[in-house]
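Undergrad: Sharing a structure below in structure tokens format, with a few things to ask.
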Amino acid sequence: MLVSFSKASVALFAVDSLFFTVVTAGKVQCDGLLLPEVAAAYREEVKGMFVKSYEAYKKHAWGHDDLALRSQGFVDSRNGWGASVIDGMSTMDYFLEAVNFTSNIDFSRSKTLDTVSVFETTIRYLGGLLSAYELSGEKHHVLVTKAREVADKLTHAWVEDNDIPYGYLDFSTDSPRRGTANIAEAGTLLMEWGTLSKHTGDGKYWQLAEKSMRRIATNPSPLPGLAAQGIDPSSGSPVGGYVTSAYGNQTYLADYDDSGRIVHLSSHLACFHGGNWLLGGRMLNNQTIIDVALQLVYFCWNTYASTATGIGPEVFAFTSEAGSHTGRAPPSKVDQEFYKLHGFYVEDGAYILRPEVLESNFYAWRTTGDPKYIERAASALRSFQKYLPVQDAYAGIQDVNNPISSKFDHMESFWFAEVLKYLYLTFDDPARYSLDEYVLNTEAQPLKAPPPKATYGSATGLVLSPSPLPFIPVDAPTPTYSQGPMLESGILSSVANVLQMFLGPSLRFTGLYL
């Protein structure tokens, strides 16, 4: 994804109240949220979609991970432990049935030949079990017992004294699959593992997750606070030159491929970023961050509003200001015309029931109170009802610009855990699950938020090491790029300081469980 700023906006971003020692913490959720009367009808419609989908899952795929709805079978994409049951447990009225099923799962072995993903297992299984435990009034301790069984197996991903876990495990031998770890996976375990420590009284789970994130946060980078994407768990060192400042006066951040060519792409999956920045901006009382976040939310919604079905594509692309299309094949004439109208063109037109655009839309509603976000959620709901139904449930489509597109045969568990939950919560009473009382994990599992702090900043304790390890990126070809506006000397280093300052409070927020 290409993120471009004008000189004025970058200067504002660099100086507008972001260079703080201590900032007063803000509330996340907007006060005085008022739902329109029609929201109740939308909420019931979403509930009906959930019930229809879950009944189809029970009929054709009970006990397996996902429903293959067109073939009326199942897919075990998450080790065969019943991901749809646990992922959707905190949402549904089938709760006791799900608890009974979960109490009999053997998490000591995978039911498939696949290795076990530490990240996916954490967000779906650990998150689902612990969220259901908290939301049910902490009455079903078997959920904590099962969560602990899962976590005890996953601890083998930390080899010897490594700070960073390997990403995948063979549960039959408790041995990790050696390879580079992704920071988005290794650095996002704190909520679930910290919650498990809270409910078991055993601090080892928190300690493992915390040292992983701390290592990521304190590793060196050409842009402090912007970590390299890959880390070698055996050393904790960054891998590759993914983060580079080859052009010291560029005004934008850019993504590039292994050949060093800039890739003008973004994706539905990446569209969680607007909601994430909204959380940070509200916590830090920083309107600049909030304004950037709302621009991201708007752009991602535009990918829905611009297609023939009103549903966003899997991957979308851009051209540079200079008109180049580096990083992928040039767009067709049809794509170029679409780009002129909408500011992007479709690179991959699939919709596989992803939640991220609706996720950020939900956060935009809860943090601003602007009713347009209710209207956008309702628009997506209408599109889903029109273009996704199959005989028993709902299916993703292969081309969002084709109203009669063929459909996929796989309904992943995040349809229950995220898509329908974010829609339901958008139309539900905002006070029921306030964002100041609950934090939703990567899989939208609500966990009780720690007590709020009065301030964030350097006084709260995180000290970022200036250079605990040398940053030695792997050599790569110089990226091809389109010349943009130039920055005045010193602005880029100021933006780097901003990134570093923003990361510190984020780490401290997730560290408030103990």
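Just so it is clear, glycine is given a Cβ too, placed from its N, Cα and C backbone atoms.
Heads up, here are the entries from TrEMBL:
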BINDING   Thr442  Ca(2+) binding site
DISULFID  Cys271-Cys300  disulfide bond
SIGNAL    1-25  signal peptide
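What's the neighbourhood like for each of these?
TA: In this structure, Thr442 (Ca(2+) binding site) belongs to neither helix nor strand by DSSP; it is coil. The Cβ of Thr442 (Ca(2+) binding site) has Ile123, Gly127, Thr188 as same-chain neighbours under 8 Å, each 6 or more residues away in sequence.
For Cys300 (disulfide bond), the count of additional Cβ atoms within 10 Å of its Cβ stands at 26 [all protein chains shown].
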